[in-house]
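Peer 1: Reproduced below are the annotations present in Swiss-Prot:
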REGION    1-43  region 'Disordered'
LIPID     Gly2  N-myristoyl glycine
LIPID     Cys3  S-palmitoyl cysteine
LIPID     Cys4  S-palmitoyl cysteine
CROSSLNK  Lys20  ubiquitin cross-link
MOD_RES   Thr28  phosphothreonine
CROSSLNK  Lys31  ubiquitin cross-link
MOD_RES   Ser42  phosphoserine
MOD_RES   Ser56  phosphoserine
CROSSLNK  Lys60  ubiquitin cross-link
MOD_RES   Ser98  phosphoserine
CROSSLNK  Lys103  ubiquitin cross-link
CROSSLNK  Lys104  ubiquitin cross-link
REGION    121-161  region 'Interaction with LAMTOR2 and LAMTOR3'
MOD_RES   Ser141  phosphoserine
Amino acid sequence: MGCCYSSENEDSDQDQEERKLLLDPSNTPTKALNGAEPSYHSLPSARTDEQALLSSILAKTASNIIDVSAADSQGMEQHEYMDRARQYSTRLAVLSSSLTHWKKLPPLPSLTSQPHQVLASEPIPFSDLQQVSRIAAYAYSALSQIRVDAKEELVVQFGIP
């Protein structure tokens, strides 16, 4: 876990040259070791990558946008409008005929014929509400304490040989 470098040794010019070449790849020689020209692939810069990414996002967004202002703004003729209205009303009639059970039910349950009298009457006394709550708690307690004890077997074996 360390490096094998001693700071006591002075760097020679050749060591500094090698270090400079290793750290700065733009200063590499143009000839390869075998004498052929090296082919360096230039990596795209961060700015180019960012620009390409933004361009792809813009293209994707442009393909998903519907330009309403560029659409043909031709108005419908009167007979086309009437045909569509007739078509929609026949479709609604077919759909509403299949939902007849919804029409038969009142919008809200009617518990009384004169709800204004019920709403105008005196509120239920608090003592009555407490009594109903107490009775409900006793009923719950009684139901939760019901136990079934098995006195005999549920399946009885008959004497069949």
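All positions are counted from 1 along the displayed chain.
Each residue, glycine too, has its Cβ placed from N, Cα and C.
As the structure is a computational prediction, the values presented were derived from the model and not from experiment.
I'd like these features described in context: how deep, what's nearby, how far apart.
Peer 2: When other Cβ atoms within 10 Å of the Cβ of Ser56 (phosphoserine) are tallied across all protein chains shown, the result is 10.
Here the Cβ of Lys60 (ubiquitin cross-link) has 9 other Cβ atoms within 10 Å, regardless of which shown protein chain they belong to.
For Ser98 (phosphoserine), the count of additional Cβ atoms within 10 Å of its Cβ stands at 8 [all protein chains shown].
Packing around Ser141 (phosphoserine) is summarised by its Cβ count: 9 other Cβ atoms lie within 10 angstroms of its Cβ, all protein chains included.
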Peer 1: What's the CA-CA gap between Ser141 (phosphoserine) and Ser56 (phosphoserine) in angstrom, rounded?
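Peer 2: Here the two Cα atoms lie 68 Å apart.
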Peer 1: When the region 'Interaction with LAMTOR2 and LAMTOR3' (121-161) is classified with DSSP, how many of its residues are helical, how many are strand and how many are coil?
Peer 2: 19 helix, 0 strand, 22 coil
Peer 1: What does the structure give for the C-alpha distance between Ser56 (phosphoserine) and Ser98 (phosphoserine)? Integer Å is fine.
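Peer 2: With distance taken Cα to Cα, Ser98 (phosphoserine) is 49 Å from Ser56 (phosphoserine).
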